[in-house]
Amino acid sequence: MDLNEESAPSGVLFEEDVAEQEAKMANGGPKKGKKLEEPYRLEIVWFNVLWFVLLHAGALYGVYLIFASAKIYTTLYGFLLCELSLLSITAGVHRLWAHRAYKAKWPLRLTLMVLNLLAYQNSIYEWARDHRVHHKFSETNADPVNAKRGFFFSHVGWLLCRKHPEVRAKGGRIDLSDLERDPIVMFQKRHYYKLVPFVSFVIPTLIPMYFWGETLSNSWYVSTMFRYCLSLNLTWLVNSAAHMWGNKPYDKNINPVENLAVAIGSLGEGWHNFHHVFPWDYKTSELGNYSLNFTNAFIDLAVLLGLAYDLKTVPVSMIKTRVGRTGDGSHDVWGWGDKDLPKELADQTMIENRKTE
């Protein structure tokens, strides 16, 4: 793709954006962007390169220590922190703050904010801003994780270089007023780099040492370095693999796909073709199966506890209409007789040993 071309809007963020997007598609889709005044040049941030090389090296050593000397409690603790980190991304900054797919009372918002510090994937404010840009300008130069620039770039490379000028330009136009009205979000934004070292690195390292006598080395490399690196890569797969490998039952014209492996690893974020078509649905999928969408179960539990409310979801009629209009024909059917079974497949099906009247 041309990295010197200005990006045009390509997606929606919230339920109220649908009418605007439908009108644009009716008029022939978004207009082709104009050329940027200055040619884009990739600028590598070598500090970030060094940091991620050391992080992954430390994580690999942590894997060795899991089998060589770390206590089982340390390993289990590391995986628990990894899952909590992922939950802060999926249920918190993604579905709650970036897409406003549901609302949460302050105890849940505070909990998700603290866990977001553990995840250390940028502040809620910055993460939500970049993600809104990603949806609004998906697979264009304004997309921070543009998958058309390859797997490596969309997975981790985007963190190793300066943002494309279009990302900065379009990011400055995204409405963030709802985040700015949230005191919990703004508190974290103001104090983010003072809190992250303690919540994401110091405390996770000290707890195994204090409570079950783990060594400093095992605690640091397993429950901190390995845990952090694993949670990062499971999150990044949503940007890379879930934009490349899978089927497109809801819209065959966009890059995001349905990817079961990513869904399992990321607590339900792999149903990405659905999510990019209906980003305001709190389930991020058509499925209600908790085993393949743990975040959905967490939000539903929060509802039962009175901590979450106003959950937005897409009606079946809307899904069926979109599947029929833009899907690739891979939408699942339950078997013979399902009204979603394509007629041409039904006509070609052979029925053996047919009962005679």
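Using N, Cα and C of the backbone, Cβ positions are placed for all residues, glycine too.
Per Swiss-Prot, the candidate among HIS56, HIS134 that belongs to the Fe cation 2 site alongside HIS243, HIS272, HIS276 is HIS134. Segment annotation: Swiss-Prot labels transmembrane segment over residues 195-215 (candidates 195-215, 300-320). For the Fe cation 1 site that Swiss-Prot gives as HIS94, HIS99, HIS131, HIS135, the extra residue drawn from HIS191, HIS275 is HIS275.
For the pair formed by HIS131 (Fe cation 1 binding site) and HIS276 (Fe cation 2 binding site), distance between Cα atoms is given as 11 Å, rounded to the nearest Å. Taking a C-beta cut-off of under 8 angstroms and a sequence separation of 6 or more, HIS94 (Fe cation 1 binding site) has the following same-chain neighbours: HIS131, GLU269.
Listed by sequence, the residues of this chain that lie at least six past the ends of the transmembrane segment (72-92) yet keep a Cβ under 8 A from its Cβ atoms are 62, 66, 112-113, 115-116, 118-119, 121, 124, 127, 204, 207-208, 212, 214, 218-219, 222-224, 226-228, 230-231, 234-235, 266-269, 294-295, 298-299, 302.
Other than HIS134, HIS243, HIS272, HIS276, the residues of this chain whose Cβ falls within 8 Å of the Cβ centroid of the Fe cation 2 site are, in sequence order, HIS135, SER138, ALA147, VAL238, ASN239, ALA242, ILE254, ASN255, PRO256, HIS275. Look at the motif 'Histidine box-2' (131-135): DSSP puts its residues at 5 helix, 0 strand, 0 coil.
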